[in-house]
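Peer 1: These came from TrEMBL, pasted as-is:
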type: DOMAIN; residues: 270-400; note: domain 'FAD-binding FR-type'
type: TRANSMEM; residues: 7-28; note: transmembrane segment
type: TRANSMEM; residues: 48-77; note: transmembrane segment
type: TRANSMEM; residues: 98-127; note: transmembrane segment
type: TRANSMEM; residues: 155-175; note: transmembrane segment
type: TRANSMEM; residues: 196-216; note: transmembrane segment
type: TRANSMEM; residues: 236-253; note: transmembrane segment
type: TRANSMEM; residues: 265-282; note: transmembrane segment
type: TRANSMEM; residues: 522-545; note: transmembrane segment
type: TRANSMEM; residues: 578-600; note: transmembrane segment
Amino acid sequence: MGKMLTLLVLRLLMNLLLISWISLWIIKPTTVWIQSWRQAEDTFQHTFFGYYGVSFAVFTFPPIALSIIGLIYLSLLPQHHRLTRGGRSAAITVSRPAIISSFIGIVSCFEIVAVILFLVFLAWTFYVRVNNDLKKLMPVKTMNFDLWQLKYFRVATRFGLLAEACLSLLLFPVLRGLSMFRLLNIQFAASVKYHVWLGTGLVFFSLVHGGSTLFIWGISHNIEEEIWKWQRTGRVYVAGVISLVIGLLMWITSLPQIRRKCFETFYYTHHLYIVFLVSFLFHAGDRHFYWILPGVFLFGLDKTLRIVQSRSESRILSARLNYAPSSFIFMNIPSISQFQWHPFSITSSSSVDKHTMSVMMKCEGKWTDSVYKKLEEAADSDTNNITIRVEGPYGPVSVDFLRYDTLFLVAGGIGITPFLNILQELACENRLKTPKSVQLVFSVRTFQDINMLVPVSPILFRPIHNLNLRIKVFVTQEKKHSNGPTTLKEYLAQPQVQTIHIGTDEDFSRFQILGHESFRRLATLVLVALLTFLGLLIGLSHFFIPNEHKKHSNSMKLAASGAMTTAKEKVPSWVPDLVIIVAYVIAMTIGGLAAIILQWRRQHRETLRMTKEEVNPQGRNFTESTPIVPMEEHGIHIGERPKFKEILSEFETSLRGLSSIGVLVCGPESMKEAVASICRQRFQCFGVDDSRTILNKVNLNFHSLNFSL
């Protein structure tokens with residue numbers, strides 16, 4: 001009872017913080033807020049906290065506090081609650097596809113509403129700011145503008161605020177260990193598209209802002225004079241030009257056409273975000289940066305924790321050549337590249353074996369080709385070790401697929417990997433509430449690709465308690481072999497898979513994959529970094545920026561005589577910016593050191609535990625198969641593509657009253673769009689169902705799983 005009350009209080013606090021932060025953004029452009037905030041800054045300027053302390057408390061603290069409380073909430077959430085059907089209606093509603101387009105992908109009803117609200121907010125901000133500017137139009141002293149040029153210049157300036165709004169949210173979707181989207185049970189792979197949308201908006205508004213400013217400067221013959229200025233106070237325009245160029249470069253190299261063909265170019269170019277953010281800080285100033293700081297702070301700490309975790313090296317113990325469910329890891333192999341990290345879905349199940357983690361790779365680029373060659377080389381030597389680094393695993397807080405009565409799984413090629421994990425989880429005897437019926441549709445190009453089912457072959461033909469499993473395999477680009485296997489059972493009974501074991505002559509306990517810290521420890525690390533940053537921000541500001549609160553009475557006398565300027569005017573505008581940078585770097589360093597200490601303690605405890613157990617890594621069986629139990633044959637179709645509508649209709653007919661189908665798709669975009677179209681035909685947004693759905697009483701709930709980021 002006490003824990004449930006605590007969870008309720010934490011949920012209320014999270015809602016209050018979120019509503020407060022959103023309300024600040026809404027009232028921020030109004031005249032009432034601007035005047036009130038200036039008065040508040042003047043008041044706090046004469047206190048210990050200063051304007052920087054109150055700016056941090058009002059603009060930066062709420063999202064970070066929301067992250068801390070969210071992590072505590074997740075740490076207290078009972079495991080059984082994560083597996084129950086609580087919250088099912090909301091999750092089903094937001095998963096319904098509304099727009100299916102090859103250009104923007106699959107967009108749900110919930111996402112459409114969120115985008116519309118964000119666009120309304122941007123329009124509101126732009127209208128109020130421009131309207132106030134045009135009412136109080138004042139000429140720029142250093143530039144001789146015509147009236148239309150002055151108006152256009154003010155409008156262009158306000159487009160910068162829209163870019164700032166996009167930037168303030170840009171980094172939240174790409175958080176991993178500290179992701180707040182996990183509170184909505186949205187996985188990292190799904191939230192990345194929000195980062196893409198916000199990044200596109202940021203580049204668009206920045207181009208309008210910067211391009212229009214340069215245009216006005218050009219026709220007024222001020223461009224050469226203004227663009228290279230590094231003025232003592234006010235905007236640093238050259239920093240704005242740098243951030244615009246870098247942002248545009250990062251956006252261009254992240255386009256799918258470039259990212260998929262030249263991943264290294266995309267990967268390394270995206271690390272210019274550090275220069276971009278520093279340039280933005282110097283261009284916009286510290287007061288604007290406090291709005292951006294929550295995402296930057298959490299992203300920096302999240303990146304630091306990931307670096308700490310990835311410092312630990314492991315060894316590949318077994319590999320198959322040629323060939324928390326739906327979780328994935330990022331993997332790095334230093335002998336191939338010290339800096340490249342690639343995501344892979346976990347194919348094994350921790351419910352089956354807590355000591356083993358397996359992934360499956362498809363040779364589809366330089367990096368994976370290099371891994372294949374490394375494994376071939378290792379096959380010739382038992383003492384040849386392959387060192388890897390692992391970051392993760394990352395996945396849903398709740399076992400999402402357990403909410404449904406029935407699962408309809410659609411996989412294309414290497415997209416089968418998350419479903420291998422799910423099938424093993426369903427076959428586990430100690431599972432709680434699970435679906436009663438599962439249909440897997442697996443589409444591959446060649447017979448050789450069927451080998452990707454080998455990891456779950458022991459359970460495909462073995463009766464599973466209280467679970468009806470059906471599989472349809474489609475081989476699309478080959479014809480039936482005259483002397484080859486004729487059924488899926490026959491094919492998997494003699495898999496064309498070579499297994500190699502890579503020995504290690506060193507202490508196995510050195511090569512553990514510990515995973516990320518617990519939610520409670522993550523909350524502690526965020527709090528430590530937050531307090532460190534705030535303390536340094538106030539302390540360094542007092543030292544480098546003259547503080548007036550000690551001599552307030554004398555200051556008032558000097559101000560009355562006109563002989564005093566404010567503390568902000570006594571120092572260059574870039575000094576407060578440097579204070580933020582120094583405090584940020586030190587806070588991230590302290591957070592990283594604390595994480596290293598926690599990781600060392602975990603590794604020490606794990607080593608002690610492993611010494612008490614008989615752990616033989618080569619003794620784990622990767623190839624031994626369970627005898628196949630005769631049962632109804634799973635279907636294999638050669639030379640044809642799956643007709644999803646017919647298969648789904650046939651599957652629904654056999655359900656006998658089950659009311660909820662979780663439709664999970666992982667594969668090419670065309671496959672996802674085809675299945676999403678079928679689900680969309682059944683529903684309108686937000687629970688308004690058509691007549692066929694009411695008659696059939698079957699809910700189709702679409703979920704897209706990404707196997708490439």
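In case you wondered, yes, glycine gets a Cβ from its N, Cα and C as well.
So that I understand the layout, could you describe where these features sit and how close they are to other parts?
Peer 2: Helix, strand and coil counts from DSSP across the domain 'FAD-binding FR-type' (270-400) read 53 helix, 26 strand, 52 coil.
Non-local neighbours of the transmembrane segment (7-28) in the same chain are 58-59, 62-63, 65-66, 69-70, 72-73, 76-77, 121, 124-125, 165, 183; each lies 6+ residues outside the stretch with a CB under 8 Å from one of its CB atoms.
Non-local neighbours of the transmembrane segment (48-77) in the same chain are 3, 6-7, 10-11, 13-14, 17-18, 20-21, 24, 40-41, 172, 178, 180, 182-183, 286-287, 290-291, 293-295, 297-298, 397, 518-520, 522-523, 526-527, 530, 534, 537-538, 541-542, 545, 547, 549, 568, 576, 579; each lies 6+ residues outside the stretch with a CB under 8 Å from one of its CB atoms.
A Cβ distance under 8 Å defines the sequence-distant neighbours of the transmembrane segment (155-175), meaning residues of its chain 6+ beyond its ends; these are 25, 29, 63, 121-122, 125-126, 129-130, 133, 181, 188, 191-195, 198-199, 201-202, 205-206, 208-209, 212-213, 216, 280, 284, 288, 291-292, 294-296, 298-299, 302.
Remote same-chain partners of the transmembrane segment (196-216), defined as residues 6 or more beyond its termini with a Cβ less than 8 Å from a stretch Cβ, comprise 115, 145, 149, 152-153, 155-157, 159-160, 162-163, 166-167, 169-170, 173, 223, 227, 240-241, 243-244, 247-248, 250-251, 254.
Tertiary proximity for the transmembrane segment (236-253) is limited to same-chain residues at least six positions away from its ends with a CB under 8 Å from its CB atoms, namely 199-200, 202-203, 206-207, 210, 226-230, 259, 262, 265-266, 269-270, 272-273, 275-276, 279-284, 573-574.
Through the fold, the transmembrane segment (522-545) approaches residues 48-50, 52-53, 56, 61, 64, 67-69, 71-72, 75, 177-178, 297-298, 301, 305, 516, 567-568, 570-571, 575-576, 578-580, 582-584, 586-588, 590-591, 594-595, 598 of its own chain, all at least 6 residues removed from its boundaries and within a Cβ separation under 8 Å.
Outside the transmembrane segment (578-600) by six or more residues, the chain places 52, 278, 281, 286, 289, 293, 296-297, 300-301, 304-305, 307-309, 312, 514, 517, 521, 524-526, 528-530, 532-533, 536-537, 540-541, 544-545 with a CB less than 8 A from a CB of the stretch.
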Peer 1: Give, as a single whole number between 0 and 100, the mean pLDDT over the domain 'FAD-binding FR-type' (270-400).
Peer 2: 79
